[in-house]
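Asker: Sharing a structure with you now.
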Amino acid sequence: MANEEPLQFDRVMDPQLAKNEFPTFKDDNRSLMRKHLTKALWDKLKDHKTKTAGWTLAQAINTGVVNSDSLVGCHAGDSESYTDFKELFDPVIEEYHGGYGPERKHVTDLDPAKLKGDIEKKSNIKSTRIRCARNLFGFPLNPGSTKEQRLQIEELMKKVCAGLTGDLAGTYYSIASMTEEQHKQLVADHFLFRPGDRFQAASAYHNYWPAGRGIFHNKEKTFLLWFNEGDHIRIISMQQGGDVKAVFDRLCRGVKAIEAGILKNTGNKQAFLCDDHLGMLTCCPSNLGTGLRGGVHIILPTLFKTKGLKELDTLVRSLGCQVRGTHGEHTEIVDTCDISNFHRIGRAEYELVQNMIDTVNLLNKMEDEEAAKLKESWSIRRVALTLAAPLSLVLIAAIARKINKLW
């Protein structure tokens, strides 16, 4: 459309950061980066460059300076970013993840057999989607990657995809070379990602677009992979309805198959960037640990009517999840919303999925209870109106008689 903002591709640095000068923050900047970055810390770290990507503090904080409404405000360019600039990243991580301090250890556990129960009432669940992020060992994170490195990742993952079997087998589509027909179909399936996110653009996610970007999906379109969209790999399992166990099982099998394929094709000692403290390393500190978001699209018309979004989100966040629009954060909610885990780190993958299941079961119970209360309330009103109708007619008749006497 003519009034759409132009898509953002390559990163544009803040003018002061481009000169390696301490930036002037806007008054409305409330990012965690801004909160924890002092002038003294800037002076201490501003001239340092990481070994793998040559990542600097200026590059790391550019997104939070350019976008004053950024929540986190900083991104990593390689694994060393989290150690070399730990005096900034550690407090940001600790605050964002609810007290996850530098002394804690993260545990990864993709075992679907450990789930206890499933969503009990599936009739108001439209769909289930669980995804996780992974980055390849031996490469910088995408904000610090070159065009050649992105292409190398794509070539490697094409080989890995070719080795997937059974219900995980499918087709790879390169964004740089797909046909118009393929493009239209991926758009129709809501699978296609594209640049344009100003936060990611300022973090260098979109550099060299569309080189190295691609999408894979299986024949049933229930298993999807994104390559070099943000992190190196986004692994997605999804299907209609509320069978969370089946979706999580497919995701777990997919992650293990991809890991095995990477090890086979590279001969590396490990497949993914990770460490004991931060778990799976990702570009954004908000996604560290599991890199997992698991959720359902659920219809809750009565709860939204009686409690409203604010009260409902406060409740859900107290349970470790969040309420979002069906197209992500800050999108409109009428009666259908996305309920997904908010935490990423410090708890295993199966625990986060279990927590989401338990939260949805509670919301379903609340929805039924609120609907029953409303139904009972309307029944009482109908009875009251029925009883009041004859009384109203008597009153009208009495008033009419008085008027007639006056005349």
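Glycine is no exception: its Cβ is also placed from the backbone N, Cα and C atoms.
Note that the structure is predicted; figures quoted are calculated from it, not measured.
Features from TrEMBL:
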type: BINDING; residues: 127-131, HIS190, ARG234, 293-297, 324-329; note: ATP binding site
Asker: At a 10 Å cut-off from the C-beta of SER127 (ATP binding site), count the other C-beta atoms across all protein chains.
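Answerer: Taking every protein chain into account, the count is 16.
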Asker: Among all protein chains shown, how many Cβ atoms are found within 10 Å of the Cβ of ARG234 (ATP binding site), not counting that one?
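Answerer: A count of 19.
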Asker: Same chain only, sequence gap of 6 or more: which residues have a CB within under 8 Å of the CB of ILE130 (ATP binding site)?
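Answerer: For ILE130 (ATP binding site), the qualifying residues are ILE236, SER237, MET238, VAL244, VAL247, PHE248, LEU251, LEU292, ARG293, GLY294, GLY295, VAL353.
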Asker: What's the most sparsely packed of the binding-site residues GLY295, ARG324, counting other C-beta atoms within 10 A?
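Answerer: The binding-site residues GLY295, ARG324 were compared, and ARG324 has the fewest Cβ atoms within 10 Å.
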